[in-house]
């Protein structure tokens, strides 16, 4: 049970905020409520003496009622086992002259849990992989941002938006490490009852970073779509509008969610949302952004297919469209299209697969973005080569022909 719980918590804590609750905590709470109810019944019936038979007892899983000697009691598996597999197994116990017998068949056989529970080593491997992935993403993205800020020739609207996306991946990586240190620093931490200011702050920070990441992915899609559809206004005002969408709107959602949790659901570490309507303050905008992003990418593909028709391409802009096509097609697999699949599946559907996709592969997403849109970018490579040539020649007056920015650069 511990390994499964840790895996569920890792999944819901780091990947995305699409998951809505920790189901195992609800079952743990239900077990606690069942135990309290059973103990109250035992206390209420404590004054009733019985010369024979078996007394009512709580065995940490099920509350067994009073029974006469020789009687066999049959009870259904408790609800906690439905976390692992939907079944209606039956557990029995005999009331003997010496007291209750052991349950038969045992709970783990009657209620079938072992086949569905990944091993503890599996979750340890997942944690190692996503730690390496987020660490590599954090390092590579930091270098990419420095490069884009360092060279003035790379200062354009397109790279400005790229930098904002890089920042969101950096913040997401940092949020993972912060939340890891806060929630999983100790093996004995009770995540279902943990409620500290540091814990809540880490959850809020994580949700905000994830929301900004989704919305800057949306900004990238809107910007590319606008470039293809019409002459996009490339002014500072448009960039500020993008900044408000990417940073401001998630902040508003997070503030509203914080207020709702403080006044209506100030329970646990705020990472357990038991079908709360307030959770949709965060989840709703993300679901919408994923859907809009997917539609925009489908529209981009449609437009590119039309514009790349040899009969419609003009000689002057064919190279520009082909270059934009290459950049756009590289963006498609990285812009969260896989979230469309998981977004409409039940929470905690195939946990092992979801851990692998959203934690292991998702942790390397920032690294891939940095490599494709910075380190392999021809303009970036040209500026680095130029800087290296200047360093070797010891002069900054010589500028090779062709060092100017491309037609796709849009100065501030």
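In case you wondered, yes, glycine gets a Cβ from its N, Cα and C as well.
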202-226, 377-401 - the range that TrEMBL marks as transmembrane segment: 202-226
Candidate ranges 128-151, 163-182, 202-226, 238-258, 351-376 - greatest C-beta contact count to the transmembrane segment (278-305) (under 8 angstroms): 202-226
Best-contacting stretch, by C-beta pairs under 8 Å, relative to the transmembrane segment (238-258) and drawn from 128-151, 163-182, 202-226, 351-376: 202-226
Outside the transmembrane segment (128-151), six or more residues from its ends: residues with CB under 8 Å to it: 14, 159, 162-163, 166-167, 169-170, 172-174, 176-177, 180, 359-360, 362-367, 369-371, 373-375, 380, 383-384, 387
